[in-house]
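Annotated features, as they stand in Swiss-Prot:
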- His211, His310: substrate binding site (BINDING)
- Asp232, Asp243, Glu431: divalent metal cation 1 binding site (BINDING)
- Asp243, His302, Glu335, Glu431: divalent metal cation 2 binding site (BINDING)
- 1-10: compositional bias 'Basic and acidic residues' (COMPBIAS)
- 30-39: compositional bias 'Basic and acidic residues' (COMPBIAS)
- 47-56: compositional bias 'Acidic residues' (COMPBIAS)
- 69-86: compositional bias 'Basic residues' (COMPBIAS)
- 1-100: region 'Disordered' (REGION)
Amino acid sequence: MGAKISEDHPPQGNGGPLSNDPCSAGGEPRGAHLSRDGDGSVGDKGGDDDDDDDEGVVGAVSLTEASDKKKKKKRKPKKKKAKKATHQSSPPRVPLSELFTPGQYPTGEFLEYEDTNTARTTAAELRALGRKQLEDPAFLDDYRRAAEVHRQVRQWAQESVKPGQTLRDIANGIEDGVRALLGNQGLEPGDGLKSGMGFPTGLCLNHETAHYTPNPGQKDVVLQYEDVMKVDFGVHINGWIVDSAFTMSFDPTYDNLLAAVKDATNSGIKVNAAIQEAMESYEVEIAGKTYPVKPVRNISAHNIQHYRIHGGKSIPFIKNSDQTKMEEGEVFAIETFGTTGRGRLYDDVGIYGYKLENGGPSPASLPFASAKKLHKVIKENFGNIVFCRRYLERLGQERYLAGLNCLVSNGLLEAYEPLADVKGSYSAQFEHTILLRESSKEILSRGSDY
């Protein structure tokens, strides 16, 4: 989820490194059929007598006696324990707790720092703070588990999403998969703070570049063969958010656009300064006309803090003189956006989502009871995690628009608008979450796909 850069305030941040390379998931039914034994045949050991004259009578008596004496009881079917799942289903519904032993979730890709990298400080006190977090096994386990959920769900999305589907169905499919793999539907107060979506699933088509998700009251948008769709979603466990994005297209016309942005993201993970050069080395031919791929200038990568998708530091991927440092123990979302348009985004119509703001007036001072009630629901279910109106309706909230507007106007909620380039242009996005270590970076969200 990109951080928009204000035109009035230059971005803070600088680049920090990672690399390319790659997850997979398949599906097979869970459990096993219970076998049932049939009833035994009654009187199968009839009498056998040497007296031929009485053979028929004796035989009849023997059958009767046998049926009286040897009535076989029906055997109760043996209950077999369901086999532990070894593969992910499709759509993904097997919780990761059934596929992995806690503490043994896959690690990300490790990439050593370049010798020439000066972006990180070596101040002892800052390094000590970062190291304390890195040594916490629960912190690493939460992040790696969230990353594995992201990998498995996005693999399913890449295999199953096709033209003709609505964006609403695609978003619901991704989010249902995330919640199922986490084993938490998030419907009770407080559940959403334990684990869930890190922010609403972004599904941006063509010139729409960031921060669009289908919401109630909007007309269904159907994915077309000619569309270029950015898929950006986050997974959090105990407030530690994995933020990763990819772009899908079905028409090979746009292959170079996707390749340019993927290359730029991988270059930025290694050395931030190389992002712009990598992206601008590509061109895209659309309908007989050649377009240069331009980096989007007023949106940036960012650090991630506990329960906060945008932690305050920005990483522009164009040349700049900013000297903000990336520190050991910090988590960053390294993302790039490329476009055939102007390379500068504007606020589009509508609202993507909302985030609860700290500070501001007390909810008790709000003029509407509905706003006070809604503030309580948001705080209990999302905290500082970005949410959207679809999520409120999933919790059973009704007639909430006036309350939302009241919270926004009183500074208790921040609203995010969709961001777009000029109409008729096409844009792409790739993004990974990285963890900075003392001597290397761990690309937490790296998979076999990107």
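A Cβ is built for glycine as well, from the same backbone N, Cα and C atoms used for every other residue.
Projection of Swiss-Prot feature records onto the structure.
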residue : record                               : Cβ within 10 Å
His211  : substrate binding site               : 27
Asp232  : divalent metal cation 1 binding site : 26
Asp243  : divalent metal cation 1 binding site : 30
His302  : divalent metal cation 2 binding site : 27
His310  : substrate binding site               : 21
Glu335  : divalent metal cation 2 binding site : 28
Glu431  : divalent metal cation 1 binding site : 25
For His302 (divalent metal cation 2 binding site), the one of His211, Asp232, Asp243, His310 that lies nearest, given that the binding-site residues are compared by Cα: His310
Cα separation, Glu431 (divalent metal cation 1 binding site) to Glu335 (divalent metal cation 2 binding site) (Å, whole number): 4
Env. residues of divalent metal cation 1 site, Cβ within 8 Å of mean position of Asp232, Asp243, Glu431 Cβ: Met1, Gly2, Gly202, Phe233, Gly234, Ser244, Ala245, Ala333, Glu335, Gln429, Thr433
Nearest recorded site to His310 (substrate binding site) by CA-CA distance, among binding-site residues Asp232, Asp243, Glu431: Asp243
Rounded Cα-Cα span from His211 (substrate binding site) to Asp243 (divalent metal cation 1 binding site), Å: 13
